[in-house]
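Student: TrEMBL feature annotations, pasted as is:
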type: DOMAIN; residues: 10-161; note: domain 'Potassium channel inwardly rectifying transmembrane'
type: DOMAIN; residues: 169-341; note: domain 'Inward rectifier potassium channel C-terminal'
type: TRANSMEM; residues: 46-67; note: transmembrane segment
type: TRANSMEM; residues: 132-156; note: transmembrane segment
Amino acid sequence: RARERRARFVGKNGACNVAHKNIREQGRFLQDVFTTLVDLKWPHTLLIFTMSFLCSWLLFGMVWWLIAFAHGDLDHSTRLQRDPGEGAAGAPASFVPCVTSIHSFTSAFLFSIEVQVTIGFGGRMVTEECPAAILVLIVQNIVGLVINAIMLGCIFMKTSQAHRRAETLIFSKHAVIALREGKLCFMLRVGDLRKSMIISATIRMQVVKKTASLEGEVVPLNQIDIQMENPVGGNSIFLVSPLIIYHVIDKNSPLYDISPLNLHHHEDLEIIVILEGVVETTGITTQARTSYLADEILWGQRFVPIVAEEDGRYSVDYSKFGNTVKVPTPSCTARQLEEDKSIM
């Protein structure tokens, strides 16, 4: 019977398949409000963006209405609307309100919007009659600037996050194992769809599998770093065209005892590939990730060439990016292959 496929630690799109549960110290997220807002999903971010402005407008609209009510502006405005000619004695006609043209909470709310977003229609304005109104005007302007800075900064950070650049960094769907320079190698292909380069790009690989220590301790996600090789040498790569990155399966490799017969029986095997670099146009560090399970590793195959010279320049055919062909490869482990060579 076919074994159940293990859950991925890292998805093909680079998302980590980890759920955080029973976090008791939820207050720690509020200590870093800005990062929490940036990490939220877009619908939640837009909801908070809208509600922050609406709530501040309503709050200060209520404050302006209370100021007008306490000063008697609402009663006086009502009296003037009923009898515009009143004021022969001079009392009503000489009345100066705190804010002109505020007759109700609706007009106070409209004035609150005009103050915070600096929309001036000329019908409402603060007079020098009430020092409290001038103080509220200053406070609302400062609060409005703070809300604008936080929310617009949050929107900017969400639209310019580094992982967006990683969407154009692609990995081959399958990895392959074949001979290279007489040694079994684990190989994959990586490419960049954009013309703007990734500066100081580095690549590393980890094997994630369930292990047990000599003392009986079970480590469900043991991460083991393994050395990657590339045509340039070392971990740094010059990603101007698609490259085949490979790992030599030697005695220090976790894949040393894997053969094509038992490869798909390693249901707990997952190989994670991480590419990091600096975006040339923005200077922001980005990271792209992918993973390969045992059934996504093809034994005895090799990637087809996709770079050719045409009209004095090099052309890359991305339609063949993940294509492979079968090549003669020993059906044995790297350990057995090395032992056979030593005997010969």
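Keep in mind that glycine also has a Cβ here, set from the backbone N, Cα and C atoms.
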Student: Near the transmembrane segment (132-156), which same-chain residues lie under 8 Å Cβ to Cβ, leaving out any that are not at least 6 residues past its ends?
Tutor: 34, 37-38, 45, 48-49, 52-53, 56, 60, 63-64, 67, 98-99, 112, 115-117, 126
Student: So what's the mean pLDDT when you look at the domain 'Inward rectifier potassium channel C-terminal' (169-341)?
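Tutor: Taking every residue of the domain 'Inward rectifier potassium channel C-terminal' (169-341) together, the mean pLDDT is 84.
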